[in-house]
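S.K.: Dropping the structure in here first, questions after.
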2 protein chains.
Amino acid sequence: MTAITKITSNKIFGGTQKVFAHDSKELGCSMRFAIFIPPQCDQGKAPVIYWLSGLECTEANCIQKSGIQRHAAEHGVIIVCPDTSPRGLNLPGEKDSWDFGEGAGFYLDATEAPWNKNYRMYSYVTSELIDVVNANFPVIPGKQSIMGHSMGGHGALVCALKNPTLYKSVSAFAPICNPSQGAWGKKALEGYLGPQSKGLWSQWDATELVKSFKGDPMELFIDQGTADQFLSQLLPENLINTCKDTQMPTILKMREGYDHSYYYIATFIGEHVAYHAQHLCN
Amino acid sequence: MTAITKITSNKIFGGTQKVFAHDSKELGCSMRFAIFIPPQCDQGKAPVIYWLSGLECTEANCIQKSGIQRHAAEHGVIIVCPDTSPRGLNLPGEKDSWDFGEGAGFYLDATEAPWNKNYRMYSYVTSELIDVVNANFPVIPGKQSIMGHSMGGHGALVCALKNPTLYKSVSAFAPICNPSQGAWGKKALEGYLGPQSKGLWSQWDATELVKSFKGDPMELFIDQGTADQFLSQLLPENLINTCKDTQMPTILKMREGYDHSYYYIATFIGEHVAYHAQHLCN
């Protein structure tokens, strides 16, 4: 079992917000993750919601800025927030950009050198991290959902679409819905996977994954502010139109006047926690 | 009228969180303050709660980490968060310590050089800032309360005790209750006011101000976590015992297992906003 090391522990809303570090085999470096344990865990196990953060974030943003603990305590769910990329590898170019390399792992498994050895956030999130959490905390195995913001919204959608039975539900705030078509996404996909001509991009693009999706329809809960300054990167209309064409069910909440920030997330994260809790606790 | 310059504006909980800069006459530098305008202000004016932050903070901490906007929107109150000291003056020693100088203005009017010209956070908070807010935002003049955290809890108590009719109510999270007796307080009082023998410290110490308080009793709402790592700096028992001796009414909420962090504040700030709203809206 992977050893985990406690970094911080703070009481909040009757539960405990902790941060741990552990040596990730998948990523080949020490990784931090945050975990909120609700007060209900004094009496037993609880389901888990995984939160994936956006570009430039760490495990800290959601737990400090979203107010998620209030809602997790209300519904009795554990919240796990991983970091957004490997850290401290000193790969060439790793720190050159805010939207590629450190803080910008894009929740995929890279195939291009020098990234392919360590930039495996997809396998980390969908497998290793779940094992670490299940082994060390009072979770109900298999009772897990996933959500995220921006790059992390892309990550949540991709993790769920590629693993139709792994999560009970999926939601995303202002997700990068069609990275093959936006500047952030193109840069990341090219850097981690090589040029589009190699044919790998569609495996890591929610809109493309919906097109090729097989199996029982999976409801996608998409939340989007109308005043988001990055709409041209996010392209929610491409995903929503594709879902309409393929009869993939969606919940689309457009939030009038809200932007891309954690102020927007804080306003609506309670709805998302309630949505996931409904799927996890039934 | 002082000109104010908008720095940011974000929609949150149906209202708007803004940050402004203005040239402060009292402090002789450009100052930032944050202001949350609740949705009720679409229909008219609202009362105001001033929030004073602690050591090392800026106008940003409360608005990013406390979740106060949810409660302010519920109760229809404006929230104003000033910075914690003058900035960018380049006074000798101003940046040498985390607990003195920049980020540590202690909400007093300094008398010692070189601080006495600019370190006048007390006059700024109790006069100039109120004028700026009243002149530029839809506030009900005179309908204001004050609260704060740690150094800012000290500030809230001192501002209220020195001005018994200025605020409708006062509350404090983990306040420095008796700065003359703790290391942080002694350093600040000596630096800004000179040695205790000059006789000025008692004018800026909540416990001493309660001892000399004249006029109608003023209720002090003190909130304190039992696991606070800085209890030896805060000395709430000194203030509470003095209030008992002088029949000053207090509400003391001891929070089992909570520490000094914004996780603690986030958990209970809703109770404080409700308390102030009750005093402001009746």
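Every residue gets a Cβ built from N, Cα and C, even glycine.
A TrEMBL annotation is a machine prediction, not a hand-curated record.
Straight from TrEMBL, here's the annotation block:
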type     : residues : note
ACT_SITE : B:Ser150 : active site, charge relay system
ACT_SITE : B:Asp228 : active site, charge relay system
ACT_SITE : B:His260 : active site, charge relay system
S.K.: When DSSP is mapped onto helix/strand/coil, what comes out for B:Ser150 (active site, charge relay system)?
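M.R.: In the DSSP reduction, B:Ser150 (active site, charge relay system) maps to coil.
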S.K.: Could you measure between B:His260 (active site, charge relay system) and B:Ser150 (active site, charge relay system) for me? Cα positions, answer in whole angstrom.
M.R.: 8
S.K.: Non-local Cβ contacts of B:Asp228 (active site, charge relay system) (under 8 Å, 6 or more apart, same chain)?
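M.R.: The list for B:Asp228 (active site, charge relay system) reads B:Ala174, B:Leu234, B:Tyr258, B:Asp259, B:His260, B:Tyr264, given in order along the sequence.
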S.K.: Can you give me the same-chain residues 6 or more apart in sequence from B:Ser150 (active site, charge relay system) with a CB-CB distance under 8 Å?
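M.R.: Sequence-distant Cβ neighbours: B:Gly54, B:Leu55, B:Phe173, B:Ala174, B:Pro175, B:Ile176, B:Phe230, B:Leu234, B:His260.
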